[in-house]
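Since the structure comes first, as C-alpha cells, the remarks are kept for the end.
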Amino acid sequence: MGSKRSVPSRHRSLTTYEVMFAVLFVILVALCAGLIAVSWLSIQGSVKDAAFGKSHEARGTLKIISGATYNPHLQDKLSVDFKVLAFDIQQMIDDIFQSSNLKNEYKNSRVLQFENGSIIVIFDLLFDQWVSDKNVKEELIQGIEANKSSQLVTFHIDLNSIDITASLENFSTISPATTSEKLTTSIPLATPGNVSIECPPDSRLCADALKCIAIDLFCDGELNCPDGSDEDNKTCATACDGRFLLTGSSGSFEALHYPKPSNNTSAVCRWIIRVNQGLSIQLNFDYFNTYYADVLNIYEGMGSSKILRASLWSNNPGIIRIFSNQVTATFLIQSDESDYIGFKVTYTAFNSKELNNYEKINCNFEDGFCFWIQDLNDDNEWERTQGSTFPPSTGPTFDHTFGNESGFYISTPTGPGGRRERVGLLTLPLDPTPEQACLSFWYYMYGENVYKLSINISSDQNMEKTIFQKEGNYGQNWNYGQVTLNETVEFKVSFYGFKNQILSDIALDDISLTYGICNVSVYPEPTLVPTPPPELPTDCGGPHDLWEPNTTFTSINFPNSYPNQAFCIWNLNAQKGKNIQLHFQEFDLENIADVVEIRDGEGDDSLFLAVYTGPGPVNDVFSTTNRMTVLFITDNMLAKQGFKANFTTGYGLGIPEPCKEDNFQCKDGECIPLVNLCDGFPHCKDGSDEAHCVRLFNGTTDSSGLVQFRIQSIWHVACAENWTTQISDDVCQLLGLGTGNSSVPTFSTGGGPYVNLNTAPNGSLILTPSQQCLEDSLILLQCNYKSCGKKLVTQEVSPKIVGGSDSREGAWPWVVALYFDDQQVCGASLVSRDWLVSAAHCVYGRNMEPSKWKAVLGLHMASNLTSPQIETRLIDQIVINPHYNKRRKNNDIAMMHLEMKVNYTDYIQPICLPEENQVFPPGRICSIAGWGALIYQGSTADVLQEADVPLLSNEKCQQQMPEYNITENMVCAGYEAGGVDSCQGDSGGPLMCQENNRWLLAGVTSFGYQCALPNRPGVYARVPRFTEWIQSFLH
C-alpha cells in the first residue's frame, strides 16, 4: 500500500487574502447577529413603552380597621368628612412613597372613593414611568409596617387588604360579540407553507398568519401588522358604541350605559381620532357621569408616542383641547355598577394657528383650561376645581369670576404632598407684541407653608426670564396681579406654582390680555401675613449640664406652649459627697401623655426616682448621689405651658438626721427607743420596727433553717428547749410562710447570743435572752409554703390573649384586672392579701394619684362587674422598680398596694413567688392569661383568655427581636410559627409556670412586636430577678 503522500492532491491551499476574507466574513456574521439581538431587545423595550406610555397610573385598595369610622357622608366627595379623611390618607400614602425606593418615580396619589366595611379606600397612584404593581404593593406594605407616616399613629391598616390593580394599558379591548374572538383568543393558524405558527404569551397573529405582535399593539392607531389587520376598523370597533377610527372634521363617540366587564376582568373601549395635518382637536362633553372606578383617559397622539393629557371620571370636565391632529381616547371599565349613564363626546377640528394672543390667553376656566397647556415636564399638574379646597387652612373657598361655589378656578394639586413640586401652565406660542399688552390675572396664596408663584416668558431666541413673582402667605383673599408684555419675537408665557410639602395650595383665575400698557392698579398691593415663629427644637437645645450657680431651668418656650414630640435632658451636678434637691416652681403638663422623669445618677445605671405629669404642684425630689437626670418627654398632641424648676446642693438633703445610739430609726425618719424594737407592738407609724424581727438562716431553702429573733437590734439564735408545734406554726406565720412542717433539735457550734421561747397564756411568744442553750441544742425549723398558686375551682382541660381560648370561671384566681379612671387598661397578679405585681409601664405617668386606680379581683367577664365572686379594691400606693428604664423597657415591674386587704375565696387566691433567681428552662410550657386584644390593634376580650406558650432562651429571643436589647431581667415566650401571644391590654398580667402542683409567677407581661407574629415572641419581666424586692413589701 502506497503512502498518502503519493496520492495526488485534489485541493489547493488557500491564499493569505482568501483566509483574510473568510475571517472578515465570520466577523460580519457575528456582528449582524449581535445587531439583530440588540434590535430585538430595543423593539421589546419599545413595546413595553408603548404599553405603558410616559407615565403610569395604578389603582389600589386598602382597609382602615381603626382610627376612622365609616359614615354615609363619606360617599359625597364634596362633604367635609370625605375631604378630611381623603386628605389624611393621601398624606399617609405620599409620606410612604416619598421615603420609599420608588420616591424618584412617584408623583402623587388621589383618593377616589370610600366604601363601608370598616373603611375601604380606593385610590390612584401616579408614577412618571412604569413600575410593576407587585413593586408598588410591596413598597406600600413595607412603609406601613415601618410606620413611615405620622398618620399611622392614628390609622391602623389591614395589610392583607392592600391590593394594587394592573395599569390601564394592560387590559384587553372590548369588541362587539361578532369580532371579540379575534382579540381574545390566540389560535395557531396555517401559513401558506402549511407551517403552524403559535404566538408567545401576550402576543397575537396578524390576519396574514405570518407575524405575531404584542396584544397591546392592536387597535393603538399605528400599523404594526404588514397587512394592517391590527388596526382593522371591524376588529377594533368598541363594544361601547361600535366605533373605533374617527376621521372626519367632526364626529362623536360615546359610552351610554356602557357594557360591564365579564369574568371579573377589567376592559377597555378605545377610539382613535385623526383630523387633517396641522389641525387640533376640541372635545366637548355633552354629558359625563361615570363610576369613580371607570376612567376615561385622553391622550395626545397615538401608539407608543401618545402622551396622557387627562384622566376623567365622575364629573363633567368641560371642554378639553388637544393641540395635535391625533387623539387616543381609552375608557377603562372596572366596575359592574349600573346606575351611571356614561358619557357622550363630540369632537371638532380647529386651527390653533388662527387664534390671536388674546384668544390664546383669556380664560376664566368655566368651560375648561381654554387654550392653556399643562407643562408635562413638571412635577405635577394644575387642577380645575370649584368650591373650597381641603384642608381649609389653605386655598380658596370660591372662585373669583362668580365669587361663589358654582364657579371654577385652577389650583396646584390640593391635598397633602410629601415634597416640593413645581406645577407649570403654558400658553401656545404667542405673536410678538410691539404695541405692548397687559397680562392680568387673579391669584390666591393662603396658608402657612405657601411657597411661590412665578410668571415667566421664554422664546427660542432668548433665555427664560421671570416677569412676576410672589412668595409667602397673602391671606384669605383673591389678589390682583398684572404685568406689561413687550416682546419682539414669538414667545410663550408660563405660570409656575411652587408647592411646599403640605398646606400650600396656590390658585389662579380670570387670566386675560388687553391692549396697551398696564395702568396703575386700582387694587391695593397685597401684604404678607406675618410668618409664624420657627418650630421649636424638640431636644430643647440640649442635653444640658447644669452646675451651681446656674441652677434654674425651664421647658423650652416657657411659659408658652412647649413643642410636641420633645425629648429633652438636663444633667444636674453637685460636688462629690453632696446630693441634690430638685424643686418645681411651676408645673403644667398634658396629663399622662407628657411627663417629667427624674433619675438618681446619670446614664444606664441611674435609678428611677419619680415621674410627674399633669398640673402641679409636685413634690421635691432628692438624689442619693451627686448627680441627677431630668427627662422631659412629650407626645404629638396637646401642649401646655411646661415647667420652671431649680435645684440646690448640699450634704444629706432630704435625709433625716440619724438617731442616737440607743434609738431605732423608722423608715420615715422617726426615732424610737431601741427597747421598743421587735417587742410585739408597733411604735413606728409605718410599722417598720416590727417588720423584720425573725428570720431563718443556714437553711437549704428560703423556708428552712435555724431561727433567729432580733432583740434591740441584736440577732439571737433560738434554743430547742420548750419548743412546741404551736411555736413552729407561730414562727412560720411571722415569716410570712405557712404552718410548721417539722422542727428538729441540732447541736450548737457556738455563735450566740441565744433566746428561749415560751408561749404566754394569751398565745403570744415570750422571748428570754440567754448566753447558752440547754445541752447546746438549737432548733432547725422547716416551714410549709403558704397556700398559694392553687386552683380551688375544678375545671376541665381547655384546648390550646391572641390565639387563646375562653377560660373557665375561677381558672386563674390570682389574675387581676386594673382600671384607671374606670377604663380597663392592664392586668396584675395577686401575691398577698394586699399587694399586686404589675408592669411599670402600665403605671408610668399614672402613679401620682393612686386613688384613680382600682383593682377588680375574681373577675371572669369584663362586662359583668356585679358578679358575686368579684371584689373591688382601690389602690393607695404605687411603687415603680427603681431600676426601671422606660426607653430600654428594662426592669418593667411595679408593686401596687390595695387600700383594704382582700378576702381569699375559691375565686381569689394569691400566686406563688419563685425562689430568688429560680431558673425556668427554655422549652418549658407555661401559661398566660388576660383580657387584652384578640388580634393586633383589635378589640379587647370580654371573657378572660388563656393560652400556653413555650419559653425561649434569651439568645434565641435576641435573634428574633434584634431591635431590642433582651437583658437578663427579661424572659421570652412564644411559638416560632406565631399565632399565640399576649397583646395590648394584657400588659402587667402573669406568665405562669406550674411546679409541684403550684403555679409560680415566672414573668410579668411587658412588650412585644405587634402580636402573635412568627418568630416574634412576647417579652416578660423575669420575676425571679425581683423576688427579693417583691418580698420586701410583703413581710
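Backbone N, Cα and C define each Cβ position, glycine as well.
Annotation in Swiss-Prot places C240 in a disulphide bond whose other cysteine, of C199, C206, C269, is C269. In Swiss-Prot, the cysteine linked to C666 by a disulfide bond, out of C659, C671, C678, C684, is C684. Noted from Swiss-Prot: C206 is disulfide-bonded to C225, selected from C199, C219, C225. In the predicted model, the domain 'LDL-receptor class A 2' (657-695) shows an average pLDDT of 85. Closest by Cα distance to C773 (disulfide bond), from the active-site residues H841, D892, S987, is D892. Look at C219 (disulfide bond): DSSP puts it in coil. Under DSSP, C983 (disulfide bond) is assigned to coil, being neither helix nor strand in the three-state scheme. If you measure from the Cα atom of C568 (disulfide bond) to that of C983 (disulfide bond), you get 30 Å. Broken down with DSSP, the domain 'LDL-receptor class A 2' (657-695) shows 6 helix, 8 strand, 25 coil. Among the active-site residues H841, D892, S987, the residue whose Cα lies closest in space to that of C678 (disulfide bond) is D892. Note: C666 (disulfide bond) has non-local neighbours I672, C684, K685, D686, S688, D689, i.e. same-chain residues 6+ apart with C-beta under 8 A of its own C-beta.
Cα-Cα distances to C236 (disulfide bond) place C269 within 10 Å, out of the recorded positions C225, C269, H841, C972, C1011. Candidate disulfide-bonded residues: C225, C540, C842, C993. Nearest to C659 (disulfide bond) by Cα distance: C842.
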